[in-house]
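Notes to accompany the following structure.
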Amino acid sequence: MSAQCCAGQLACCCGSAGCSLCCDCCPRIRQSLSTRFMYALYFILVVGLCCIMMSTTVAHKMKEHIPFFEEMCKGIKAGDTCEKLVGYSAVYRVCFGMACFFFIFCLLTLKIDNSKSCRARIHNGFWFFKLLLLGAMCSGAFFIPDQDTFLNAWRYVGAIGGFLFIGIQLLLLVEFAHKWNKNWTAGTASNKLWYASLALVTLIMYSVATGGLVSMAVFYTQKDGCMENKILLGVNGGLCLLISLVAISPCVQNRQPHSGLLQSGVISCYVTYLTFSALSSKPAEVVLDEHGKNITICVPNFGQDLYKDENLVTILGTGLLIGCILYSCLTSTTRSSSDALQGRYAAPELEIARCCFCFSPGGEDTEEQQPGKKGPRVIYDEKKGTVYIYSYFHFVFFLASLYVMMTVTNWFNYESANMESFFSGSWSIFWVKMASCWICVLLYLWTLVAPLCCPTRQFSV
C-alpha cells in the first residue's frame, strides 16, 4: 500500500493529466482539457494574488490582525508596512513572472504535433514542479535590480501585449461572425428551415443592439448636458448602420456572396456591449444643483447607490473579470482559431450546418477504459496528434498576463489604482473600451471591402 501511495503521489506531480489522477470518483476527462484546466488554474491563482495586492482593504486588515506585522515586513525587507508587496509595482512584478512562465513554455512547445514527444510530456505533466517554477519566477521578479527602470520599461511592454490580446479577441469575433453565417447558409441547400433560423437570429441580434442603444440613450443622457455620451451613442449607432448597409451592398455581395446581415448583427451587438461597458466605466460627472448640493449626472438613477457595498461589488466584478479573460483565452486557443488568425478557413462546400457549429461533429472517446481496470479516468485524446497548438496556447496566456496586469492597474492611471475604486470608473478603461469598439468595426469593414480594394487576391471569409 505504501508503494502504491507513493506512486500515486508521483503521478499527481509528474503525470500527463493534471485532473482526475488522484480521485477515482472524478468524472472522465480528456487529457487535453485537463492540461488546459491546470494552466488556467495557475493563471487564476496569480490573478487572484494580483487582486489581493491591489486591495487597500486587504492591506489594512493584514496590518490590524497579523501580530508583529511591521517587524515581519522589515525582516523580509518589504518596507515598514510591506508597501513593496502591494500596489501597482507589486502587480507588475508578479505578472512579469507569470508572463515569463508562459513565454518560456511558448518557446519550449514550438512545432509540437506529437503528444508523445519529450517536450509534449513536459507540457502535459510535472504540475507540482511547474507550480514551484511559477512561484519562483513571480518571487524572483522582486529582486530585479534597478526597479524604477524595470517598471517603466515593463509598463510599455504590458500596454503593447494588452492591446495585442484585445486585437486577437476582436479578430476572432469577426471570424466567428463569418463562420456562423457560412455554416448556417450551407444548410439552406438541403433544408429551407435554415433560412428561417438565419432570419430569426438576425432579427434577435438587431433587436438587442437597437434596444441597448435606446436604453443607453434613456439612462445615460439627459435633456440638458451629457453631450459627450450623446455624441458617442450617435457615432456608434451610426457605425452599426454603416456596416449593415455595406454588408448588403451589391458591390460587396458580388465579391462575397456569403456576406449578410447576420455578421453585421453580431458586430452590432458587440459594439452595443462595448459602448455600455465603456459608459459604465466612465467616471461619474458631479455638478451643483440649484440648492448647492452635489449631484451625479449622466448615470442611471438606480446607479446612485450602486457602490454602497464596495467589497461586494469588488468581489463580484473581479470574478466576472477573471471569468471573461479565461473564456477569451480558452476559446481563442483552439486549432480552428489559430488557423483563422493565419487566414486558413474551411472551404464553403465542406461546411456541415450544425446548431452548435463551434464544436467539432466528432466527440467519440479515443480511448475506452479497460474492463476491470481501476484508477484514473482519463481519456487520452491526443494519441494521433495534438488537438490544439501548444505554443499558441501559451502565447495567448502570455498576452493575457499582460492584459491582466494593465487592466488591474487601471492601464495608464496606475499610481492611483486600487481594486476598491476599479469598478467605479476610470478614463483609461473608458477609452480602451471605446477604442476596442471602433477597431472591431474597422476590422469587420476591412473584411468586407478588402476584396474590392485588392481584386487580384483571394479572400476566404
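Using the three backbone atoms N, Cα and C, a Cβ is placed for every residue, glycine included.
The transmembrane segment feature in TrEMBL is assigned to 37-59 (among others).
Annotated transmembrane segment per TrEMBL: 90-110 (among others), in sequence order.
Annotation comment: TrEMBL describes 122-144 (among others) as transmembrane segment.
What TrEMBL records for 156-174 (among others) is transmembrane segment.
What TrEMBL records for 194-219 (among others) is transmembrane segment.
Long-range contacts of the transmembrane segment (231-248) within its own chain (CB-CB distance under 8 A, at least 6 residues past either end) are made by residues 206, 209, 213, 216-217, 220-221, 259-261, 263-265, 267-268, 271-272, 275, 278-279, 434, 437-438, 441, 444-445, 448-449. Per TrEMBL, the feature transmembrane segment maps to 231-248 (among others).
Counting residues 6+ beyond its ends, the transmembrane segment (260-279) has Cβ neighbours under 8 Å at 173-174, 176-178, 180-181, 184-185, 198, 201-202, 205-206, 208-209, 212-213, 216, 220, 229, 232-233, 236, 239-240, 243-244, 246-248, 429-431, 433-434, 436-437, 440-441, 444 in the same chain. What TrEMBL records for 260-279 (among others) is transmembrane segment.
Here TrEMBL flags 312-330 (among others) as transmembrane segment.
Taken from TrEMBL, the feature transmembrane segment applies to 387-408 (among others).
Per TrEMBL, transmembrane segment is recorded for 428-449 (among others).
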Contact set, same chain, for the transmembrane segment (194-219): CB under 8 Å, 6 or more residues outside the stretch:
181, 184-185, 187-188, 229-230, 233, 236-237, 240, 244, 260-262, 265-266, 268-269, 271-273, 275-276, 279, 299-301, 353
Which range wins on Cβ pairs under 8 Å with the transmembrane segment (90-110): 37-59, 156-174, 387-408, 428-449?
387-408
For the transmembrane segment (387-408), which recorded stretch in the set 37-59, 156-174, 428-449 gives the largest number of Cβ pairs separated by under 8 Å?
156-174
